Amino acid sequence: MKKQQIIVIGNGMVGYKFCEKLKSKTSSFNLIVFGEEPRRAYDRVHLSEYFNGKTAEDLSLSTESWYDEQEITLYLNTPVTAINRTEKKVYTPNGLSYDYDFLVFATGSAAFVPHIEGIEKEGVFVYRTIEDLDLISNYAQKAQTAAVIGGGLLGLEAAKALIDLGITETSIIEFASRLMPRQIDPAGSDMLKSKLTDLGLKILLNKNTSLIEGEESITALKFSDDSHLAVDMLVISAGIKPRDELAKACGLEVGPRGGIVVNEKMLTNDPSVFAIGECALYDGMIYGLIAPGYEMAEVVATHLAENGNKTFNGFDMSTKLKLIGVDVASFGDNFINEPDCRTIVFEDKHKGIYKRINISNDGKYLLGGILIGDAAAYNMLLQTATNNIPLPEHPEELILGSRGGAEGSASGGLENLPDSALICSCEGITKGGICSAVTDQDCENIDQIKKCTKAGTGCGGCIPMVKDLMLYTMKAQGKYVRNVICEHFNYSRQELYDLVHIHEIKSYDEVLDSLGKGDGCEVCKPLVSSILASLWNEMILQKGNDTAQDSNDRFLANIQKGGSYSVVPRIPGGEITPEKLIVIGEVAQKYGLYTKITGGQRIDLFGAHLSDLPKIWEELINAGFESGHAYGKALRTVKSCVGSTWCRFGLQDSVSFAIEVEERYRGIRAPHKIKSAVSGCIRECAEAQSKDFGIIATEKGWNLYVCGNGGSKPQHALLLATDLDSATCIRYIDRFLMFYIRTADPLTRTATWLNKMDGGIDYLRNVVVNDSLGMAAKWEAEMEGLVAAYQCEWKTAIENPAIRKRFSHFVNAPEEKDPTIQFVDMRGQKRTEEWKTV
Amino acid sequence: MENSLENQTSTLNGTDNNMETTINWLAACRVEDAVENGGVCVKHGEEQIALFYFTRRNEWYATQNECPHRKQMALSRGMIGSSTDEPKVACPFHKKTFSLSTGECLSGDECAIKTYPVKVEDGTVFIGLSA
Ligand code: SRM
Ligand SMILES: Cc1cc2nc3c(=O)[nH]c(=O)nc-3n(C[C@H](O)[C@H](O)[C@H](O)COP(=O)(O)OP(=O)(O)OC[C@H]3O[C@@H](n4cnc5c(N)ncnc54)[C@H](O)[C@@H]3O)c2cc1C
Ligand code: SF4
Ligand code: FES
């Protein structure tokens, strides 16, 4: 039997979705699609990202080969121009005709362009297709000022795009007395307006544009109140107009204000013709959002494939968006007013937050609401409203957040949702669907959920809630949300450390082969490399471990903005001879480096090309310098104050001790960087109490402090032991560091490690000073091993031709430097260029 | 070796219409010059291409070298690995990750990166540039 033939007119978002849905249900139809645009259906919802670097291909909803794979015939650049419903034929401009058994209109809508004199002038645009955006961005290059007519959702988005294109003077012109008149109320509009004004947008309300002035191209707008606004370009975003012209021409019923009239099965008045998406008029309404369009596609696909009786029953028009960084959301019955409901309003002009919820008069149910400035509660509120979940005793807490600090409501709400609650409205995924992806298909992260269910792949607004649901379901299943490293290693860092130690493994690949699975990633590679370095202290770039290093370790230097590197030679204790200072100066001059005294009492040379690094280090090493490990999770600096050799208050020789300590622990790798300092007396000029381990001289010896930290959460170090002689002080530090290296989580400084330790500093003191774990001798021996294994890794690197070879930018032009690295002058030295933007 | 282009016509299978595309194969480097389980940067005129030798999977990949996040010429210096089975590279600057096979950004919504076919013949690695 010959297959029945379906013709789809329009290859937009909904037309595409219809094909996808139909093909997933049946292959018993021939499918032909006509698209007027020159390219495959693309994501119009995220159209503006085209201005942020996404290409048309990135926005495309399918791969190029998809239509072939699905055996769908797609004609692009081919509008359908006429239809003969008696003969069931459609016609294209080249005169060809095609037969159909069923016809699906998915012609979407066009921008509505009001009749304003001069609207045809150059510099006037609409905002709907990729072609529109190309025109706008070309014209914007020579424009300084712009305006958008229309203060609705799309208008605000267009205004943001103009700002992103560099037109900082952009005005929004709205005919109504408020912004987004369909979504938010006057008070919400006021709040939004003041936020947008803060961002530099000009907002003109109650303005009726009467004339577009200019010769050939636009120069100004004239309003009905006779005021003017000079602009170089204009984007019209005054609403949408359903593309029903073809339907009308072939005698299908259309609405008085446009739209192809359909019933709950999306059937027009012709039983073989459907209409879906933005061209369809259901119950007197055009649904200008993607989620209802997809639902309509589902209805028709089910109908055709399964003869199912799924129907379209209207759709929730709740929306949440981030406009120019401002959250705006409306849900449910957003405009209902007293006395039909009671409203609770929260307004914070200082932070620019406005929230309104409408509750039923009996206080039991949430009907709808509006959120501006902070829409974090949107998903939960929407669910509460659409699922008729009884409100808590104090519904105001839904928008105020319960101030008792009890976090109960976040997941507390989730269990109350029925399984049928729609979580992802774009793809129509329910709570039940997401939970079963976790329980039946073992999804344990968002990416897997997206793959299994498609939830979160549309507008993305539901992702926070999907994540909460996933974690909630995992917990409910008794799945222990374990602190494992990543998908490649099912161990915590400490477990892995012990296993690598016991099995004496020395390369990343061996660790992965024997203890992990898959190919590794940017999380486990540096972590395992750090464990290997902490355990064996071998040159980190050997045994194939080079590419398992964090980027800075791999090139033994910190990468800087732009792609150049910094060079930090070790200057133990901050002490340096004039001769060595001169060498640093000469090297910096020769290689054109920016020099700066660091906060760690040494000198940083910035702006080195990758291929210059070995040459620079060769010269420094010949002059007696060594690596400062500024790039490693390793000992950084041991700062010192000048101490008893010069200072009138000095009790001990803090500089000598700082140098001794720095030279002992240099190169030792740890879960995070470690810093130290030695002060000659309690005036503490070396700031030892802000270090991972700090030493302060006393009359009798040294006081040892541990687990201090600068950084964003400063914490003072705590006193571990007092009046130590130098040898004991070193022994305690050995034990302390080995304990830390063995047990800390990845990227955890000593302060955080101690904060998480049961028993705190008293427990730590017991372990280190009283040897309560009986590990002291072992740790001291291990530390001795690490100290003995020290080598300057830069020296090894420049002497090893295989490693040295890696320090070039181009593999096929090793002598050439990266031409994209650019510097500019500043105060007689150089600096990097700013990040390049679009 | 730079810019030695080998002209070759290859037929892309998988499409019914037998589309003929000309691919110029750029001789990028020798296998032993590539970095095992890592990347190198290949110069092609003004263009920079990151070439990855995923030794562990015995696979080769090539992508643009520029990271779209902050427009840094850096991807060849990134760490490679996999996520489920998808091969990926992490940019050294802010660790955004990209699929090596499709170029798609796997973290956040940076735009995708360009990818190129790679072939190895007689120990020379070639990168395919569509003409
Ligand atoms: C160069 C220097 C700033 C300066 O010009 O003075 C610097 C520069 C950087 N610091 Fe720092 N910090 C420098 C002293 C400090 C200090 C002061 C000190 O050491 O006395 C602190 C506070 C003390 C502390 O660490 O407790 C400091 C706290 C940080 C932190 C926060 C650490 C934390 O635990 O919260 C980071 C971020 C990190 O490591 O994750 C950081 C990270 C960085 C990085 C590595 C950021 C990066 O990833 O690129 C910078 C690299 C510069 C480079 O390429 O060399 N830097 N940084 C200082 C180098 C000291 C040195 O000689 O090695
Ligand atoms: C900038 C922008 C931002 C948006 N943001 C959001 C958002 O955040 N959330 C949301 O839910 N929605 C948003 N939308 C709306 C959403 O994009 C639309 O609801 C959706 O695209 C409608 O899909 P459709 O297939 O019905 O129409 P369209 O995607 O417009 O597709 C219709 C296609 O049919 C073609 N066509 C028309 N007539 C013919 C013919 N005779 N022959 C052949 N082809 C024809 C058209 O050229 C077009 O390609 C946004 C829209 C825009 C423009
Ligand atoms: S304080 Fe911040 S900006 Fe300054 S060097 Fe440290 S990390 Fe860089
Ligand atoms: S520049 Fe690559 S992640 Fe930021």
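Using the three backbone atoms N, Cα and C, a Cβ is placed for every residue, glycine included.
Taken verbatim from TrEMBL:
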- A:5-284: domain 'FAD/NAD(P)-binding' (DOMAIN)
- A:318-383: domain 'NADH-rubredoxin oxidoreductase C-terminal' (DOMAIN)
- A:422-470: domain 'BFD-like [2Fe-2S]-binding' (DOMAIN)
- A:560-621: domain 'Nitrite/Sulfite reductase ferredoxin-like' (DOMAIN)
- A:632-768: domain 'Nitrite/sulphite reductase 4Fe-4S' (DOMAIN)
- A:CYS641, A:CYS647, A:CYS681, A:CYS685: [4Fe-4S] cluster binding site (BINDING)
- A:CYS685: siroheme binding site (BINDING)
Taking ligand 3 as the reference and 6 angstroms as the Cβ limit (strictly under), which binding-site residues among A:CYS641, A:CYS647, A:CYS681, A:CYS685 are close?
none
Residue among the binding-site residues A:CYS647, A:CYS685 whose Cβ has the most other Cβ atoms within 10 Å:
A:CYS685
Non-site residues, in chain order, whose CB comes within 8 A of the mean position of the CB atoms of A:CYS641, A:CYS647, A:CYS681, A:CYS685 at [4Fe-4S] cluster:
A:VAL642, A:GLY643, A:PHE649, A:GLY650, A:SER654, A:SER679, A:GLY680, A:ARG683, A:GLU684, A:ALA686
Translate the DSSP assignment of A:CYS641 ([4Fe-4S] cluster binding site) into the three-state scheme.
coil
Quick one: DSSP breakdown of the domain 'BFD-like [2Fe-2S]-binding' (A:422-470) into helix, strand and coil?
25 helix, 5 strand, 19 coil
Where does the mean pLDDT land for the domain 'Nitrite/sulphite reductase 4Fe-4S' (A:632-768)?
94
